């Protein structure tokens with residue numbers, strides 16, 4: 001591989017903020033459309049100890065000759081007290097602890113204090129417990145507040161009786177020192193009063209913005225680092241650097257959002273606010289790089305393909321792992337994680353990332369595929385076989401050879417590039433060697449599952465139409481079955497009624513026949529009896545005196 005001048009390498013490292021990668025073959029991967037968009041360091045963090053910051057909300061003015069009456073300061077004091085009164089009352093309600101010496105009743109007092117929270121999450125209850133604990137150390141806090149009340153220094157470290165270091169921050173005093181103190185003896189009191197009033201009004205606006213959510217319940221809503229930045233003003237970097245005792249970039253830590261603050265108590269007498277800042281413990285993994293990869297489509301025999309690589313990998317000790325960083329905090333130059341999320345990658349992908357391009361796996365792309373270009377480090381990477389690449393300055397059309405996977409366009413080739421309807425201003429020079437001995441014609445194209453959006457949509461539409469037809473047929477047959485079932489039920493009922501009718505009629509006929517037979521027998525007997533009575537000699541003659549013929 002072509003070696004770069006040491007000065008160029010130094011400038012490149014300073015520009016990106018990271019060291020060049022060895023395990024991953026970045027130059028070779030450019031041939032197949034894999035671009036390293038960002039390289040970050042890997043940081044681990046865990047919950048650390050808490051630091052306390054005392055914010056002095058009222059500035060100290062230098063002594064005057066007695067002729068100046070700064071009315072704006074009194075108005076600011078009244079307005080600030082009105083603003084903080086809901087916070088003070090809420091904190092007092094939550095931190096109320098029963099005055100007793102027994103352990104059981106002390107615990108019950110904390111429970112009573114927490115009962116003011118209502119329905120709260122575990123994190124909110126933890127925050128409230130922190131306020132209760134801070135209230136138990138109220139004497140030390142008051143001593144700390146008193147010790148910084150008379151100072152004009154914007155940042156001063158004070159050690160209380162328990163040797164707990166806290167930082168006294170006077171954000172507004174920092175502004176007063178810069179704008180007021182140096183000229184208060186040489187200008188009129190009215191002008192300074194107006195200037196002080198404008199500064200105080202601006203700070204009140206910022207305070208209202210910061211504590212907008214905390215007015216309802218400050219213990220349950222932590223202050224973000226953005227709110228702390230507004231609250232502490234220009235003193236925040238000094239506070240953070242004094243607390244962390246680390247070489248990490250302060251802006252990087254602030255952008256992570258891992259530093260949070262919580263209001264612990266407010267002193268109405270001194271207008272001072274005690275804020276607990278939760279500072280995690282950070283550890284950097286030496287030699288580890290988290291690399292973001294962008295895979296754009298490449299050209300293979302006039303067919304559009306895309307290589308199968310992870311979106312983010314971890315390079316450590318000359319090894320490569322998949323590193324999604326789903327549970328991590330990603331900043332411009334670092335990845336903050338609680339644990340290592342690395343996982344093994346297939347051997348073919350490993351060899352591909354190491355520069356063995358014949359081991360790379362490609363998937364054909366059919367239809368529209370939006371990832372045809374990428375803009376990284378001031379250089380444009382594009383598949384100009386599937387995309388119209390036009391240079392506006394100097395005007396020409398960028399052509400791409402059939403054996404090349406992508407085109408790399410830097411400021412030497414074009415300063416303003418047009419990709420279809422997109423316009424890009426190219427600002428950097430491509431300072432790596434573009435390997436041209438690999439031909440996409442010999443690439444290992446594996447037809448995994450082609451990403452054919454148009455065909456897939458058509459297939460889905462056909463499936464939906466077929467499903468609708470089947471549903472219509474199903475409804476028709478269901479209606480038919482429902483009608484047939486009704487007819488069958490009616491026929492069965494009619495048949496049963498007919499059978500019952502026939503049985504009843506048969507029984508009636510049998511009964512009538514039996515009744516008629518009995519009537520005939522009765523009539524025959526009655527006629528015989530009547531004849532005997534009328535002709536007794538006949539029966540006596542024929543039956544020898546037995547009128548019934550009985551011997």
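Residue positions begin at 1 at the first shown residue.
Quick reminder: no glycine exception, Cβ is built from N, Cα and C everywhere.
Here's what Swiss-Prot has on this protein:
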type	residues	note
DISULFID	328-337	disulfide bond
DISULFID	352-360	disulfide bond
DISULFID	384-389	disulfide bond
DISULFID	391-414	disulfide bond
CARBOHYD	65	N-linked glycosylation site
CARBOHYD	69	N-linked glycosylation site
CARBOHYD	77	N-linked glycosylation site
CARBOHYD	90	N-linked glycosylation site
CARBOHYD	431	N-linked glycosylation site
CARBOHYD	461	N-linked glycosylation site
REGION	107-131	region 'Fusion peptide'
SIGNAL	1-23	signal peptide
TOPO_DOM	24-492	topological domain 'Extracellular'
TRANSMEM	493-513	transmembrane segment
If I take the Cα of residue 391 (disulfide bond) as reference, which of the recorded positions 90, 328, 360 has the closest Cα?
360
Going by a 10 angstroms cut-off between Cβ atoms, which of the disulfide-bonded residues 337, 352, 360 has the sparsest surroundings?
337
Mean per-residue pLDDT computed across the topological domain 'Extracellular' (24-492):
72
How many Å separate the Cα atoms of residue 77 (N-linked glycosylation site) and residue 337 (disulfide bond)?
44
Residue 352 (disulfide bond) versus disulfide-bonded residues 328, 337, 384 - nearest by Cα:
384
Helix, strand or coil: which one is residue 337 (disulfide bond) in, per DSSP?
strand
So of 328, 384, 391, 414, which of the disulfide-bonded residues has the fewest other Cβ atoms within 10 Å around its own Cβ?
391
Could you check which of these disulfide-bonded residues, 328, 384, 389, sit within 10 Å of residue 90 (N-linked glycosylation site), going Cα to Cα?
none
Counting only residues 6+ away in sequence within the same chain, which have a CB under 8 Å from the CB of residue 389 (disulfide bond)?
382, 397, 398, 400, 407, 409, 417, 418, 419
